[in-house]
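A short write-up of the structure that comes next.
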Amino acid sequence: MTLVAGSYERFIWGFKLKTLKSQTLVPLFSYPSHLSTIKCVAVSGPVAVSGGSDDAIKVYDLNSSSEVGSLINHTGAVTSLSFYNPSSLSFPRNLLSGSEDGTVCIYDADPFVHLKTISAHRKGVNDLSIHKSGKLALTVGRDSCLAMLNLMRGRRSFCCRLGKEASMVKFDSEGNKFFMVMEEKVSMHESEDAKLVIEMDNQKRVLCMASSASGLLFTGGEDRNVTAWDPTSGKVAYCIENAHSTRVKGIVVLSGSTDDVENSDDPYLVASASSDGVIKLWDVRMARKEKPSPFAEVNTKSRLTCLAGSSVKSIKRPQVGNSSPNKEAEDIIKQEEEDL
């Protein structure tokens, strides 16, 4: 189980959860990997990536705790990163990146090869989310628009103006619904037609969110809480109040051993990171009854901006090079050439 965090000070932090005498977060690496602030991170199996204000994406091998290369295809800060990882694979198939230049880049992840750049927004991309099918993605941008990207053809297929700029967008685990964040409000929509299903009011600005397989949505932000929402009712399922002493900047839902859990679909390992540099791991099963104490905690002593994690193990190593994309990537490129 691995966690990766980025900071304003250009540092990338890697930790692994180990059971010694007690659960503890063991450092894997920590160094200034970018020339300026790290704005986003993503993890899938043995691979981690980070995007920075230096317009670059760095690729890391978590097995060897090393940086293996860079991807430089944007002309603006990289603001969002997301892997497409089919459930049948322990290694990601594709990587998508959004940037302040308004574009989204599609990469093959085995090895990392740039496939296509899509013009998604007139202004910067705030966030993106890939559907579980891998065929489409949603993006929200500073132009106050929601866009749908056809990943099979490598083009924008739909765009609509929102009443207000959205900072985040995320599909649920099934892909039937998606969530959008506008300041302190979180809305859930139908994936088929973007129809509003329900709206949740967090009172204070939401800065991060993560959906779980059980359907619960976890949020964190300026209220310093870790809140679990029930999207069916729009109400709070449970809340860890004052989880951090400063703003919560990242939340990750991790899947651990569920041998002793009554409902194996209900997540109980949740990681959170705050702007004062503290990362905490929570057993949220206790949060329904009382405020839990974190069973693992580490202080990076830096201003953290983002957090990502994975519980999937793989011995495969990521590669960044001139190797040919896989067969599916070649088919996508061939289809694009035919369309032109």
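One-based numbering along the chain as shown.
Placement of Cβ uses the backbone N, Cα and C atoms for every residue, glycine included.
Annotated features in TrEMBL:
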- 327-340: compositional bias 'Basic and acidic residues' (COMPBIAS)
- 315-340: region 'Disordered' (REGION)
- 31-70: repeat 'WD' (REPEAT)
- 264-292: repeat 'WD' (REPEAT)
Which residues, given as numbers and ranges, are at least 6 beyond the ends of the repeat 'WD' (31-70) yet have a Cβ under 8 Å from it?
2-12, 14, 76-83, 85, 90-92, 95, 97, 99, 109, 112, 305-310, 312-321
DSSP-derived helix, strand and coil totals, residue by residue, for the repeat 'WD' (31-70):
0 helix, 25 strand, 15 coil
When you scan the chain for residues with a C-beta under 8 Å from the repeat 'WD' (264-292), skipping those not six or more beyond its ends, what do you find?
1, 3, 5, 7, 15, 17, 23, 25, 210, 212-214, 216, 218, 220, 224, 226, 228, 237-241, 243-256, 258, 298-307, 309, 311
Count up the helix, strand and coil residues in the repeat 'WD' (264-292) according to DSSP, in that order.
3 helix, 12 strand, 14 coil
Taking all residues of the repeat 'WD' (31-70) together, what is their mean pLDDT?
95
